[in-house]
Amino acid sequence: MNLKNRHFLKLLDFTPEEITAYLDLAAELKAAKKAGREIQRMKGKNIALIFEKTSTRTRCAFEVAARDQGAGVTYLEPSASQIGHKESIKDTARVLGRMYDAIEYRGFGQEVVEELAKYAGVPVFNGLTNEFHPTQMLADALTMREHSGKPLNQTAFAYVGDARYNMGNSLLILGAKLGMDVRIGAPQSLWPSEGIIAAAHAAAKETGAKITLTENAHEAVKNVDFIHTDVWVSMGEPKEVWQERIDLLKDYRVTPELMAASGNPQVKFMHCLPAFHNRETKVGEWIYETFGLNGVEVTEEIFESPASIVFDQAENRMHTIKAVMVAALGD
């Protein structure tokens, strides 16, 4: 199997065997780092990190992973990148491709990262777009594999909340590609697009995955091993949108009751972070004062419980991103 010089844009581009190879490599690299026997396989390589959207986990994961492996990075922050403003995506790709061995892009439309990949001449990695979040999916799959105690194709998980964007889309495709029992619990107006659902069903035909989309949150989580969620509203959206979304999604909040509805005492909670789970941030306090909610998509009780594996998930961003880069660029 050859992952050398491969772009990493979306899971739809990969076979189940290739996705599993990334997970196996990530597990090896993680074990090597923990044991203090990591071998640098990217010495002399340079990677450009284009961030049109800010990030804590993605940036730190790419930077630490690259440095662990002996590579250099250049961080292009949102205010520094001219991409699409003074310089076209096509030209930016060709310039950076002459200077760097790979390019990471985190930003808006999937079409941007696809165009970068078309013209860069070097591997391009998707750090997040509106449509897909493939590096997060490797982290999620590795975390589920570590905590499940059984093969992924015998594992069930649910995503509850707003499923229209990168997390809902990507988790549906991940489950389909890896032969999992994947459920989406959301109001139908917040389901992934018909195109994504069709792609998931097509992948499931090959892998034997089971796909369920339901408006009933309790039905979605019945007998699952993992319950995933994400934020309901993006920062910068008006107060009216927050109120509307909170009203629409209140039954999909991850509470002790929803966890119990799984019927699985070992069920685990997952979240890509950041999460609105208490009043300890300015946003959290504003939400409490405005809507009377202490925590939005998940309660503090669940977030801080032994069932929560969100920080294992966050750590695994780094190990899985390292696997993507080593597979593409490693000696």
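From the backbone N, Cα and C atoms, a Cβ is placed for every residue, glycine too.
According to Swiss-Prot, the carbamoyl phosphate binding site annotation covers Ser55, Thr56, Arg57, Thr58, Gln82, Arg106, His133, Pro134, Thr135, Gln136, Cys272, Leu273, Arg317, on the basis of sequence analysis. For His133 (carbamoyl phosphate binding site), applying a Cβ distance below 8 Å and a minimum sequence separation of six or more within one chain yields Asn126, Asn166, Met167, Ser170, Cys272.
The C-beta environment of Asp230 (L-ornithine binding site), restricted to residues of the same chain at least 6 apart in sequence and closer than 8 Å, consists of Tyr159, Gly161, Asp162, Met167, Gly168, His271, Cys272, Glu297. Per Swiss-Prot, the feature L-ornithine binding site maps to Asn166, Asp230, Ser234, Met235; the stated evidence is sequence analysis.
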I want to check the contact list for Ser55 (carbamoyl phosphate binding site): same chain, sequence separation of six or more, C-beta distance under 8 angstroms. What comes out?
Arg106, Gly127, Leu128
Just name the winner among Thr135, Asn166, Ser234 (the binding-site residues) by count of other CB atoms within 10 A of its CB.
Thr135
Rank aside, I only need the closest one: which of the binding-site residues Arg57, Thr135, Arg317 has its C-alpha nearest to that of Ser234 (L-ornithine binding site)?
Arg57
